[in-house]
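Visitor: Handing you a structure now.
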Amino acid sequence: MASALFMVVLLGMASLVVLASDPSPLQDFCVADKASPVLVNGLVCKNPKDVVAEDFFFQGLNKAGNTKNKQGSNVTPVNVMQIPGLNTLGISLARLDFAPYGLVPPHTHPRATEILTVIEGTLHVGFVTSNTQNRLIFKVLNAGDVFVFPVGLIHFQFNPDMHKDAVAISGLSSQNPGLNIIADQVFGSDPKIDRGLLAKAFQVDGSLIDYLQKQF
């Protein structure tokens, strides 16, 4: 009886692992039909007879993104919305551009592990482990260095150089990694999260919460 229960639990855990990543393709490709009104987990396949080379192509990743914003950074995604041919393939990438002191603020990718390579400049990167340790694991990277951010964990990238830009390329283990920017979601939600709730959560005065919510 115990061994049978063990096998049931083991099989259940195995199925969860399988379901935790993008579904595997069951054919050569499943180019996304973004015009289809059908809602599925992912995107509906285009008729293979209508597939063309442009469905697997993206141009312009050599061009720097506009970093003239409050964070001094820009992310150019290349996921299934830019390359329909990525549908069901479980992979995407992004170009990250940083002005001096530019920051990609603390955020998560709920559906993907990220592996980042610095192409130019210097980046201070890190992630925080889950409760209850909340351990910060960080590193200063230079051109050619590679760093991994485990799936779902809060992480950041920052250019500490006051005079030079930085550029990085990230690979992600999902066709649609998702993006949760912590400050935007906590203080910029629609409708707003109750100020009293946030004041208690952060152990600060409600007036500070009012100020922060006005910034988003």
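Placed from the backbone N, Cα and C atoms, the Cβ positions cover glycine too.
So TrEMBL lists these for the protein:
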SIGNAL    1-20  signal peptide
DISULFID  C30-C45  disulfide bond
BINDING   H107, H109, E114, H155  Mn(2+) binding site
BINDING   H109, E114  oxalate binding site
Visitor: Which entry in the list of disulfide-bonded residues, C30, C45, has its Cβ near the fewest other Cβ atoms, using 10 Å as the limit?
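Guide: Output over disulfide-bonded residues C30, C45: least Cβ neighbours within 10 Å is C45.
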Visitor: So of H107, H109, H155, which of the binding-site residues has the fewest other Cβ atoms within 10 Å around its own Cβ?
Guide: H107
Visitor: To the nearest whole angstrom, state the Cα distance for the pair H109 (Mn(2+) binding site) and C45 (disulfide bond).
Guide: 24
Visitor: How far is it from H107 (Mn(2+) binding site) to C30 (disulfide bond), counting Cα to Cα, in Å?
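Guide: Spelling it out, the Cα of H107 (Mn(2+) binding site) and the Cα of C30 (disulfide bond) are 30 Å apart.
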Visitor: Please list, in sequence order, the residues in the chain of E114 (Mn(2+) binding site) that are at least six apart in sequence and whose C-beta is under 8 Å away from its C-beta.
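Guide: Sequence-distant Cβ neighbours: V148, F149, H155, S170, G171, L172, S173, P177.
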Visitor: Around the Mn(2+) site recorded as H107, H109, E114, H155, what other same-chain residues have a C-beta within 8 angstroms of the site's C-beta center?
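Guide: Apart from H107, H109, E114, H155, the close residues are T108, A112, F127, F149, L153, I154, P177, L179.
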